[in-house]
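Have a look at this one before I ask anything.
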Amino acid sequence: MAFTLTNKNVVFVAGLGGIGLDTSKELVKRDLKNLVILDRIENPAAIAELKAINPKVTVTFYPYDVTVPIAETTKLLKTIFAQLKTIDVLINGAGILDDHQIERTIAVNYTGLVNTTTAILDFWDKRKGGPGGIICNIGSVTGFNAIYQVPVYSGTKAAVVNFTSSLAKLAPITGVTAYTVNPGITRTTLVHKFNSWLDVEPQVAEKLLAHPTQPSLACAQNFVKAIELNQNGAIWKLDLGTLEAIQWSKHWDSGI
C-alpha cells in the first residue's frame, strides 16, 4: 500500500551517517511533520542543514547508542512519544563494518536493532491498545550472499533480513508492518575503513571499491522510494542506483 510521508512523524536511528544523512535530506523534502534523529554523536552542522532544506519540518536530535539496555531505549521512546503523541515510521539504521570487533558488530548491527524494535512495540502493539506502525530496517546485500571475508558483518545482515521477515508475518497480530532496505556497495566512509575477519584479506576494502559501486545519494533516493512503496515483508535491494524487490526462495517451512 503506497504511503505518503507528508505530515508524518519519523524516527531515524543513525540518521546522520553516510547513507543515513543523505536519506534524512531526502526525507525532509517530503514535508514530514517531524524527523527525530537518534545517533551516538551529535552533528549540529548536519542538523542545521536538514532544517535549512525544509524549514517546515521539525528536526530533533537525541543522543542514542543502540547497545544500551532495552529499558533505556524504552525510556527514550517514552519521551519522544510524549512530545510527538504519535510515531508513524521507525528506521533502524545503526551499523558498523569492522570484523575485528566481533561483539560490537553483533551488538550494533543486530542486537541493537532487535532491542529498539522490541521497545517500540510497547507503544505500537495493537494487543496493548497501540495504533500499529511501520518499521524500516536497513540490511545489506551481504544478507543475501555474504562477502565471505567479513562473515561477522554479513551474518548480522542475514539475521536482520530474517528478523524483519518474521516481523512482517506477525503484522496481523501486532499491527506493525516491516520491510528491509538492503544497499549494495555504496561509497561511504564505512566502506573505506573496514577490516576483514582475522585479517584474511588485508585489502578487502580496496578490492571491493575496485568494482562498480553507487553514490550515497542514489541509494538514499531509492531508500525513500521504498518507504513510500510501503510493502510489508518486502526485501528491497538498492544496488547500482536501482531499486528491486527480491523474491526470497523458500527451502523449508516450519508448518506452523
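Each residue, glycine too, has its Cβ placed from N, Cα and C.
Given the structure is predicted, the values throughout are model-derived calculations rather than measurements.
As annotated in Swiss-Prot:
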type	residues	note
ACT_SITE	Tyr153	active site, proton acceptor
BINDING	12-35	NAD(+) binding site
BINDING	Ser140	substrate binding site
Long-range same-chain neighbours of Ser24 (NAD(+) binding site), Cβ under 8 Å, sequence gap at least 6?
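The answer is Phe12, Gly15, Leu16, Leu35, Ile37, Ala46, Leu50.
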Under a three-state reading of DSSP, tell me whether Leu27 (NAD(+) binding site) is helix, strand or coil.
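The three-state answer is helix.
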Can you tell me how many other Cβ atoms are located within 10 Å of the Cβ belonging to Gly18 (NAD(+) binding site)?
18
Report the same-chain neighbours of Leu21 (NAD(+) binding site): residues 6+ apart in sequence with Cβ closer than 8 Å to its Cβ, ordered by sequence.
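Leu21 (NAD(+) binding site) has long-range Cβ partners Gly15, Ala46.
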Just to verify a number: CA distance, Tyr153 (active site, proton acceptor) to Ser140 (substrate binding site), in angstrom, no decimals.
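On Cα coordinates alone, these residues lie 9 Å apart.
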From the Cα of the residue listed as 'substrate binding site' across to the Cα of Lys33 (NAD(+) binding site), what is the distance in angstrom?
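With the alpha carbons as reference points, the distance is 29 Å.
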What's the number of neighbouring CB atoms sitting within 10 A of the CB on Gly15 (NAD(+) binding site)?
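Neighbour count, Cβ to Cβ under the 10 Å cut-off: 28.
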Within the chain of Ser140 (substrate binding site), which residues six or more apart in sequence place their C-beta under 8 angstroms from its C-beta?
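Spatial neighbours, sequence-distant, of Ser140 (substrate binding site): Gly95, Tyr153, Ser154, Lys157, Val160, Asn182, Pro183.
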Sequence gap of 6 or more, Cβ distance under 8 Å: name the residues on the same chain that satisfy this around Leu27 (NAD(+) binding site), in order along the sequence.
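Within the chain, Leu27 (NAD(+) binding site) has Cβ neighbours under 8 Å at Leu5, Val10, Phe12, Leu35, Val224.
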